[in-house]
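Annotated domain 'NarG-like' per TrEMBL: B:3-224, in sequence order. Residues annotated as transmembrane segment in TrEMBL: B:6-23, B:44-66, B:86-108, B:128-150, B:182-200. If you look up TrEMBL, you'll see B:His53, B:His63, B:His205 marked as heme b 1 binding site. Marked as heme b 2 binding site by TrEMBL: B:His187.
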Amino acid sequence: MRVMAQMAMVMNLDKCIGCHTCSVTCKQAWTNRQGTEYVWFNNVETRPGLGYPRGYEDQDEWRGGWIRTDNGRLKLRAGGRLNKLLTIFSNPKMPSIQDYYEPWTYDYETLLNAPAQETFPVARPQSLISGKQINIEWSANWDDDLGGSREHAAKDPMLKGIADKVKFEFEQTFMFYLPRICEHCLNPSCAASCPSGAIYKREEDGIVLVDQDKCRGWRMCVTGCPYKKVYFNHKTGKAEKCTFCYPRIEVGIPTVCAETCVGRLRYIGLMLYDADKVLEAASVEDEHDLYEAQRSVFLDPHDPAVQREAERAGIPGDWIEAAKKSPVWRLISEYKVALPLHPEYRTMPMVWYIPPLSPVVDVIKDTGFDAEDKDNLFAAIDALRIPVEYLANLFTAGDVRPVNDVLRKLAAMRSYMRDINLGRDPQASIPESVGMTEEEMYEMFRLLAIAKYSDRYVIPPAHGEQAHALEELATDCPVSGFDDEIFETSGPFGEGSGRGGVTPVAVENLKMLQQRQTADTLVAGGSKRGRVNLLNWDGRGMPKGLFPDRASAGDQAPAPGRGDTEPVDDPALLDDGQARPDNTAGADGGPR
Amino acid sequence: MSTFLWVIFPYICLAIFVVGHVWRYQYDKFGWTTRSSQLYESRLLRIGSPLFHFGMLGVVLGHFIGLVIPQSLTDRLGLSHEAYHVIALAGGIPAGIAAVVGLAILVYRRRTVGPVFSATTVNDKVMYAVLGLVIALGMWNTIAGSLLTIGGEYNYRDGVSPWFRQIFWFQPDATLMEDAPLGFQLHAFLAFLLFAMWPFTRLVHVFSAPLGYVTRPYIVYRSRDDRPGVATGTRAQKRGWERVG
Ligand code: HEM
Ligand code: SF4
Ligand code: SF4
Ligand code: SF4
């Protein structure tokens, strides 16, 4: 037994309202830089739907993850080592920017500087890649909320085998949201695909990171990850991925996406696992066994033998304590309501999901029956093959049995708690029918429904004796600003090159954010003065260029048809000479 | 003049080449990348890049054989000049053509595909110009000099090659190059210029060809503070923040 600790996450899909707050806050924190405009470490996709990048789950096409060879060994689906080296000059299966989407901004300058005219000026979309005007035809959430589902969701790779049963009539469809981040896999195929060995799994907490100093831009990891959660920064020429917000985790606070989640549906905690058994579990023959196999790799932190081995492996005492309290452990291994996303990729993902019961509940409600009655719910779970089979394609490689079990537990909890809430006698037979005790069911309810902050996040801080190596502590120091190099984000070899480029994550991003807000350029080269990217504006202060300069506003905004000489008479000007942002004639009738 | 061109200049270039790489590796590990543009465009790259690279690898191998292995060695092995020539041309011409065609596709792509063009730096353009010239002159020397023998036959293995080897023994004989045809002179001169530029361009990626991949285990584990003096994660440690004790 070789005990290792893994920081893991569980998301309760019933609670996700698809608000994309998690995506936006993550972007604000980590990818609001040039080169990562199209990158969403966290994205939320509507299912059924194509996802982001488009149709990424179709591994016959994208060749991510591992496959099992006939002799029982694992092989990278995109080809082994020699194969990779031979195709290194041009990766045969690299998603193009079009498969994600071409990021854009709007030509706000036209709006701001347009003279008063009959028709309202429009801000045309402009590509952030080429700087040219583009026609927006796709983006990361083009099929949000089943928009255009006949065209898009119908192509969802996970509908294979059940497509004929799923109707995309609006009144008959079901849908739910699937927030996705990097899975921080136990057997990460991204790391295995990296020719330079720049992607590594941290021994302490299992977080998978790209060493930016060792990455050489061979872009094989992008193909290697079946979840398409490694992205290529097209400005720096390096791969980047979700970091599980390690600077925050190291000081014991949750990831940005979890902290800001509106539905409060994310759980973060430790899992102890036996590193010696990972490969064996990932290589089981039947895909349907992968879910159980992965669960068998996890170690019970309450078991004294495990605790002894963990201590021997150098895992600190407070981490073992935290593992005992881990909500992730409870949801995955005690209540068994969380399932892995696509175990069939054999990467042993570590962000798990509680599948949504809501599609089932909705159907019962629509038919006028009592949607909180256990028997109605159980009958519906058995009868409704569509959501169940679809969920099975996502979470258990198509095996409906575990999905059924989870849904029944959720259904049982629903009707059991109704009795309690209505002041009726709780029925012990309900938890029993799904193999749980009353106490367990109540505790599960508290964890899932009450979901107190301290229950959702049990994150032991990294150790004090290693404090010199903690990202956030080092960056917190106010005097680190004295080092000019930190603020020199670009050397002579492109964005971020030189020593100054590799700055503490937090400072680097804030600095770059500030630069982007004040930058004149849309893409490298070519000046587009006055253009503002509002996506990167945090609402504080005024981004430069959003409004014309005060000093020069007077001579910049001539009133058409009146001659340039009488700017004072122009109703489109505020009294201090600043142009009105919307350029409409003022109702207050000119200068006072 | 000829001492400068064929003795001093090569040494300056080689010195910049070596010191430059060491310096850049120290100063700019983050910038050490292929700066792949495949995210923008795949179709042309799929053809151009392998063609160019495999061609280039052949060309580099050919130069190694032609410049480094002395004529006396092949003579002793009983390989006649004619036979050597045929082998060299049979290997060199296809490799050269592949490199030229590949480069042409890559340059065409750089120029015509909008996003790739706007990602092309001045540095890239200068590098492409010099690299293109070196390759073009090399092809000219091979085709015009050796195949069609325009302007008389020239055996570079009597002139350029010994001079090149002498550089590494630190006794280059400038007269060997003085006697070479202009095409060879230009080719050699620009090639050294390219060597001097090398550490400062994207060409540094050649030296990180990931051969270690063949032998390393698939999954890399690393401790948070594994490398001494280096902090965690994505950055190198800052000056003044070295660990104490
Ligand atoms: C020996 C191992 C080499 C490897 C593994 C290698 C690999 C690569 C890779 C992955 C790219 C990026 C292609 C892309 O996705 O855009 C690239 C680009 C390039 N390489 Fe190499 N290369 C090698 C040797 C060379 C040599 C010897 C030269 C020339 C002297 C060279 C010149 C270039 C150039 C000019 C580009 C830019 C192509 C473009 O995008 O226009 N490479 N190389
Ligand atoms: S999900 Fe994350 S850890 Fe797993 S293969 Fe993809 S990038 Fe790597
Ligand atoms: S863990 Fe952090 S980096 Fe990863 S998706 Fe969430 S917010 Fe983004
Ligand atoms: S913030 Fe929470 S509720 Fe909103 S989309 Fe993200 S995961 Fe869902």
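Placement of Cβ uses the backbone N, Cα and C atoms for every residue, glycine included.
Distribution of TrEMBL features across the structure.
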residue  : record                : contacts (Cβ under 8 Å, 6+ apart)
B:His53  : heme b 1 binding site : B:Gly102
B:His63  : heme b 1 binding site : none
B:His187 : heme b 2 binding site : B:Val134, B:Leu137, B:Gly138, B:Asn141
B:His205 : heme b 1 binding site : B:Trp32, B:Thr33, B:Thr34
Top partner of the transmembrane segment (B:6-23) among B:86-108, B:128-150, B:182-200 - counted as Cβ pairs under 8 Å: B:182-200
Remote residues contacting the transmembrane segment (B:86-108) - C-beta distance under 8 A, at least 6 residues beyond either end: 44-45, 47-59, 61-62, 65-66, 128, 131-132, 135-136, 138-139, 142-143, 146-147
Where the C-beta lies under 6 angstroms from ligand 1, the matching binding-site residues among B:His53, B:His63, B:His187: B:His53
Binding-site residues, contacting chain A; criterion Cβ under 8 Å; candidates B:His53, B:His63, B:His187: B:His53
Reduced DSSP assignment, B:His187 (heme b 2 binding site): helix
Among the heme b 1-binding set B:His53, B:His63, B:His205, as the record gives it, the longest Cα-Cα distance in Å: 20
